[in-house]
Amino acid sequence: MVYVKRIELSHFKSFGGTTAIPFLPGFTVVSGPNGSGKSNILDALLFCLGLATSKGMRAERLPDLVNNTFKGNRGSSEASVSVTFELHDGENLSEPGANHNGNGNGAKISKEWTVTRRLKVTKGGNYSSNYYINGETATVTELHEQLNELRIYPEGYNIVLQGDVTRIITMNSKERREIIDELAGVAEFDRKIVKTKETLTEVQDREERCQIIATELERTLERLAADRQKAEKYQALRQQVQEKQGWAKVIQYKAVEQQRQKLWGQLERDREQSQQIQQALDQRSQAIQTQQTELEKLNAQVKALGEEEQLAVAAQLATQKAQRDQLQQRYNDGDRQITNHQQQVGQIQAEISQSQQQFLHIQQEKSFHNTQTLPQLEAAVQTSQQQLEQLRHQAQAIASASEAWVQEQTQLSRTVNQLQDELIPQRSQLAQLEERQQQLLTNLAELTPLLTKVSVELEEKQFAQGQFNFQGEALTSQIQTLASDLAQLEQERSLLQETQTRLLKEQQEKQRQLDKLEAASQAQQEVQGTYATKVILQSDLPGVCGLVAQLGQVEPQYQLALEIAAGGRLGFLVVEDDGVAAAGIEILKQAKAGRATFLPLNKIRPPKGQNPNLSYAHGYIDLAVNLIDGDRRYADIFAFIFGNTIVFDTLVNARNHLGKHRIVTLEGDLLEASGAMSGGSRNQRSGLRFGTMVSEDTAEVKQLRQRLQDIQQVQGRNEELLLERTVRSRQLTQQLMEMRQQQREAQLHGEQTERDIARLSQQQTQINQQQINQQQKLAELQQNLALLQQSLPPLEQQLASAQQQLTALETSQTHQQWQTIQIQIRTVEAEYQRQLQALRQGEDHLKDLQNSSQRLEEKIAQAQEKIAQHQAQDLTLAQEQEQLKIALAEMNGAIQTTEAQLAKLSEKLGSTKQERDRLETQLNQLRSQQQEQQWQWEKLQTNQQEYQENLTQLQTQLEALEQDLPDPWPEIPLLQDRDEANLDFANILEELERSIRNGQKRLEAMEPVNMLALQEYEKTEARLGELSEKLQTIAGERTELLLRIENFTTLRRRSFQDAFDAVNKNFQIIFAELSDGDGYLQLDDAEDPFNGGLNLVAHPKGKPVRRLSSMSGGEKSLTALSFIFALQRYRPSPFYGFDEVDMFLDGANVEKLSKMVRKQAQQAQFIVVSLRRPMIEAAERTIGVTQARGAHTQVLGIKL
């Protein structure tokens, strides 16, 4: 928590020396007598942190803050204040002057942060003030930047003085609303709006300049249009003459060509006939040769057709059938593989079932073995062991009778028994070890491929997990980007929607205002009669010439006089005839649009009168009708309007002729012939003027129309952007949903893969551990096996030797009882050994059952994996079978085609002989015709030589004419759709030359012609097109700037409304706690808050609802304090200072205020200057302040 830890004052106001005042977090009260300087502590805070001016610290000038009893060297004085803050752990502040680009590279400082301000005053009254941060010089701007990082704001309410409460009470509602403006940052939006409006003004200026240029270009185009039209006509006529001259050359050439063509036609006909004969001869020769060749082929074909081609087609057919058989074989193999796989799957499933049955049988056998077999074998071993002990006791009793023999026999028997007892376990152990060794080797051989398989699968899963992790990170990044883009897009869309709604409301309001103004204007026009004329002009009635005011132009110096003289007659409608006037009257009746006066040109008669000769009179200008510039056809109209009205310069000069004539002055004074005079001051005229339409809109109407037009443009652009944002938002939402679905799928795959990796890792670890254990066991077993194999042979030799000695002893001297007992002992021992061996075999069998059970489980798992592999292979084979079916169908079609070809060849062989005989007959006929045509060709060659000599002469003449022919030849309309072979080109040429002479005369008549007008018009038109495109671009920029202004306006309103709602909510809560009543903030204009002010409305307990202005002094203070607390809660700071804000409150309200401060002190440090007991008692600590000997302020004590 940041808080003020210490304030050190040196010669500041009432503090004469250097005084350090420590503070702690929480609620501290500074108290002391009036005038003791307790409020100077808060002034010191304001001074040091630069939060107030000198007047805010109750001083006229800064030098007044220096203690007047302190003088330094050379008569100068100095005051300083240092404020030390305790920073929260991890709180960072940038160094003064460091870059504030938000890169987080600000220097970390210690937990204490000290601000010092020194004020030096020279002897002459000049002063300087310097700020220091941790001993380093800083500017006030740098200080405020770092204070902002600590949430201490110069414009905030960190320190509330007595005047602040009074100021809130006395300020008007608009100033009170501006407090919320400042909190909401409205000024920043205002600056942006002003800057954008400046840019908009520049764009509008550019648009106006371009519009002026465009208007000038349009006028230039209109001026060039006539010259361009004349130049185009001249150019077209000149092109026609030149074109006809080309036609004449062509027609002259065609006349000679016509003669040549006739001769050439005869020659060509002979040539064609000769060529036809020659071609016929060549064709017949070729036909003879062809038929001769074909005949030879048929002869050869008859011989060879039955063998070669038929064999080739048959071979092709055999190849195709072989390919079909191969495809069929592959298809059958695929079916067999699928069938085999299905059989194998069935076998594997049967094996799985069998293995499961075996597994169940083994489990049952294990259970039976554990519960019945082993307990029975253990009981039998115990019984045999007991019988053996009894027999041995009997043998010892018999042995006492024959001591020596028995001792020797006993010794040998004991030796044999000892050796047997030693050998039998070792032999059994050897067998067990050998069997166990085989089991271990088998287990190790099974574990190695299983470990390899698990390792490979584990690597695949780990690789897949890496892929899933990478995919998940990529998807997470993409989702974050999309979510950020979508959130930004939604903010933009919300802003656009809010702007659109606000503009719609404004549009409706502006339209209502415009409708009211237009209705009022229409009522005024109806009174003046101009509304009826507007209806007629807008009805597009044929024959309406316009208003009198529109039909003439007047110089500006005479305009006022003539408009006064004409009066309301300027609004009369001029029409072609009385029929048009009648139609106009009928329209007015139907529309109920009022009345109008029509002046039909065919009926109007000007008043008759004498032309007064007053040119001699002083100030005389002219007759009013002579000062109008207009079409002569409207002369009677203007004569009817003005009559004999005379224009004078001034009223003084006009008065000399009063009562004689109707006179108007340049200043607008009107003197009637009857002697009546009218005049006076001139108001802003809104009626008709010469050269204008019916009436002009007022500035307010123009402003409303322009605003509505701007709103419409902005709405159009806003709707486009809103639609774009909506479409883009839907796209991003869809993409985000798809990405999240992909992320969920990847996450599920990843989690499954993690479980598989954990399972495989555990399985790998278990297999490795099993391998290590098995290898250790195998090593130990092999070591024990080696020891046994070394120790068994000597023992077996000893046993054989002892058994031989015992046999010899027993055969040498037989003792019936001893032998009998020994036989019984050996029988019982053999039975004992057999039962003991059976017990050990039962235990080994149990171990075998356990191993078999484990192997069966592994076998079942492997079989299930094989089933999955076969099913995957069957799916691949089924796809290949479909492809083979398609290939077989295509091959069968090819085989059918080949078989049909082979059948046709077989049929053709029979008809070949008949074709050969027919060709021999045709060949003889062709040779006879060839001889007859040869004689005709020789005759035509003689005629062609005569024609060729005549053509040479005509060709020379054509070559001379060809030099002047145009290239390429033009199309001649005179010759189109006509047969040139039957035309008389001489008559056509004469008529064409006559037309050329007429065209040349017309060209001479049109000269001179400005041919440059064509290029100038095109250049001007191109420039106007470029300028139009530029105007469209500027209009787009203007719309974008308008939309930006509206968006800033929306954000400005939104920011204010958010701040207002939050402060209002805080005010309601705090006021309820302070006064046991209810209160709220009220805007004068909720629809447009910036158009009004802010009122504090309170309802103290037991009193009616009142505004701030109608409350008592205490209620005002309590309400103002509630407002200040609400502002502080909206923008919290680490510390606050109050200077006797409770002085106008009674005891009960002071107690409530102190509770509120104590509650707020849980979140921030409060330093309160107060003399009231409830405030002092509520504080966590109290600092006492007094005047030391009536001179300097002194801190007497600190109550902690």
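Even glycines carry a Cβ here, placed using N, Cα and C.
The annotation ATP binding site is assigned in Swiss-Prot to PRO33, ASN34, GLY35, SER36, GLY37, LYS38, SER39, ASN40. According to Swiss-Prot, the feature coiled coil maps to 202-528, 692-1046. Taken from Swiss-Prot, the feature domain 'SMC hinge' applies to 542-656. Per Swiss-Prot, the feature region 'Disordered' maps to 90-109.
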Relative to the Cβ position of ASN40 (ATP binding site), how many further Cβ atoms are located within 10 Å?
24
Grouping DSSP H, G, I as helix and E, B as strand, the residues of the domain 'SMC hinge' (542-656) number 53 helix, 21 strand, 41 coil
Same-chain shell around ATP excluding PRO33, ASN34, GLY35, SER36, GLY37, LYS38, SER39, ASN40, C-beta within 8 angstroms of the CB centroid, reads SER14, GLY32, VAL1185, GLN1187, THR1193
Taking every protein chain in this structure into account, which of the binding-site residues PRO33, GLY35, GLY37 has the most other Cβ atoms within 10 Å of its Cβ?
GLY37
Can you tell which of SER36, SER39 has the least company, meaning the fewest other C-beta atoms within 10 angstroms of its C-beta, among these binding-site residues?
SER36
Within 10 Å of the Cβ of ASN34 (ATP binding site), how many other Cβ atoms can you find? Include all protein chains, please.
8
Among all protein chains shown, how many Cβ atoms are found within 10 Å of the Cβ of LYS38 (ATP binding site), not counting that one?
25
Return one of helix, strand or coil for SER36 (ATP binding site), based on DSSP.
coil
Integer average pLDDT (0 to 100) for the coiled coil (202-528):
77
